[in-house]
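Listed in TrEMBL for this protein:
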| type | residues | note |
| --- | --- | --- |
| TRANSMEM | B:7-37 | transmembrane segment |
| TRANSMEM | B:57-81 | transmembrane segment |
| TRANSMEM | B:93-115 | transmembrane segment |
| TRANSMEM | B:135-161 | transmembrane segment |
| TRANSMEM | B:195-217 | transmembrane segment |
| TRANSMEM | B:223-247 | transmembrane segment |
| TRANSMEM | B:254-276 | transmembrane segment |
Amino acid sequence: MDFTRRRLLTTAAAASAAAVAMPNIMTSDKAYAAPLKKGEPIKVGLLFSLTGALAVPEEDSTLVLQYAFDEINKNGGVGGVPVEPVIVDAKSDFGVYSEKTKELILREKVTALFGCYTSASRKAILPTVMQRNHLLYYPTCYEGAECTQNTICTGPLANQHSQDLIPFMVEKFGKKVFFVGSNYVWPKESNKNAKIWLEKAGGELVGEEYIPLGSSEFGPVLGKIRDAKPDFIFSTVVGASDIAFHKQFKQEGFKVDSMPIASLTTGEIETRAMGAEFGAGHFLSAPYFQTLDNPTNQKFVENFLKSKYGKNGTTHYNMEETYLTAYVFKAGFEKAAAAVGFENVTPRAIRDNSGGIRVEDNISPEGLVWIDENNFNTWLKPKIGQCQADGTFKIVKAAAEHVKPDPYSIYPDAGTCTATGLKGPDGKLRTNVI
Amino acid sequence: MDIGSLLNALILGVSIASIWLIAALGLTIIYGAAGVINMAHGEFIMLGAYSSYMLQYYFGLPYLLCIPASFVIVAAVGLVLERGLIQYLYNRPLDTLLATYGVSLVLMQGVRLIFGSDPKYLAAPALFSSNISLGFASVSTFRVVILLVTALCVLGIWLLFYKTRFGVQVRAVMQNKEMAASFGINSSRIYMMTFALGAGLAGVAGSLFGVLAIVLPTMGASYVVQAFLMVVTGGGSLAGTVVASGVTGQLQSVFAFFSNDTFARFLIFVLIVVFLRFRPQGLFAQAGARR
């Protein structure tokens, strides 16, 4: 085709006209999942990054979910039929996340989506998920302050994450604490929560610094920490930066005995990448550790590492939270099928039937958890582990009771999240709040 | 604020400057001498880190020997790349840009296929994970190592370019390729050697960054932008890159000392944009005709 300037302009005009017209054709709030038939596999979408900067945690999520669905299929599947995961690569690009979400829902007609690691990618796809009245299983710790009717989350919320860690550290090491985090939404919101626990524990915040996401230069921050002389450091640094932080902490001559780092992110994968000598002595709060001493976990670790999906050689809190989503899905689907009939199960029906679902301790490696009936986050027991010289974690404290997930713990004025929407103080119900 | 902390920040500034400089050094050679805008520079850095990891993990080579070995390995990769691809593109700078970007993707995905996407661990001698304390001032041993290696590299390049016959030839080709050729200099060979040299220097940077930060297939992306900034601000010459890195590194540390890291970066990038608005040729523009 001969592309003259005029031609290019008319084509462009036509294309933009089509783009403007598109929303009118496409909007419909009917569920787009394929009608289910007995005997045909149930399709689910795995939306994680297999390439790019987010591939480190997200590739493991894809692997552990494939493992979980294999395990479920081997034991009779979901509602008697096998699950077929459709794997896509979101390429660490938020545009691609949203594009692939549409593809999974509209073309593949999946019954549920499992995906995302960062809050930014979740926020990128939620509008699409909500518009199609679909269902997203989000398997990572996050900041909360959302009340949608289309998500189920199995990671700890900010209010569950640091509730035990801060008082534990204050009691053990002293009152003065320095906050270091990556510069994006989750660390900042987590730190707001942490400040509340810190105040209750009688601690004192001597400094708060945020590092550009992905940065590996911790010289200036460590200089400030040296001047502020805290008793411990509270870290929400993520990804590659976290590894650089721990390395430079030791390289700059800081001693772990007198000023340990209490982290919400530094687990088995990170410790292996930085080398155990840089991780040893520091603390992590998470619902799951590879070393948890119970038969379910021992079986999970052994079978997973032996399987073809265990090539990266470790299990991790984020992988375990992802593993649980498969079983939450199975239970939710079967409950919905019993309520409305197998053929009539829609993503929304699964979500409506998922409140209160329990994953018992014969399946859940971290022990019994259950889905909250109002906000559809997870009741769990956060634990504190200390990294040992060999890179494994020793559990030094486990919560005695399950902690209630509260997405609006630091915004009590916003109202309370219920199954049908966010109930404001004025009594008004708002749906799909993100 | 006390003087001791400020002094510490100034010392740190020198160290940050050396990190920016070693990241940009290879690019300066390739861009300054061969005129190639090498988008795969970050991946050369990454290859340096993986070369060190591989030599250490599979052959048990001590870390200090991994640094020169990474130079050799990545220089060899650069040599092959120059002979196989870049040499056909010298008269088409825009195509070089695209081709090297493609090469960067190939290298990144290739490493991911071979080594997997999980971060790797590069061990350094225990001595390097401590610090040197001089009363009020404190600096990590490994940062001193980086500074020394960077100084050695700069000195080596300076000697090579200004004190040897090869250096005279390189500078002649830089100024006017045709004229140099008419005096019997094999410019194709000069380009090949300088490209390999630049790649090798990126390899050295990679084996240092692997210990300072992380070994990952994507690690190069975070260094390539700042490397380009240093080269462009410096004007493509060795002295220009040294001065540009020195000033920005110091500013980064001082700004971060008085405010925070995010703001320091913001301010530096704004200053560089303003600087380039009024001096687009950079600090020390090279003499002679550019292709």
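Placement of Cβ uses the backbone N, Cα and C atoms for every residue, glycine included.
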Sequence-remote partners of the transmembrane segment (B:195-217) [C-beta within less than 8 Å, at least six residues beyond its ends]: 19, 22-23, 25-30, 33-34, 36, 38, 41, 44-53, 63, 66-68, 70-79, 81-82, 86, 108-109, 111-112, 115, 117, 119-122, 124, 128, 142, 145-146, 149, 153, 157, 160, 223
Distant-in-sequence neighbours of the transmembrane segment (B:57-81), which means Cβ under 8 A and at least six residues beyond its ends: 40, 44, 47-49, 51, 103, 120, 122-125, 128, 149, 192, 195-204, 206-208, 211
Feature contact check the transmembrane segment (B:7-37) with the transmembrane segment (B:135-161), CB under 8 Å, 3 or more pairs: yes
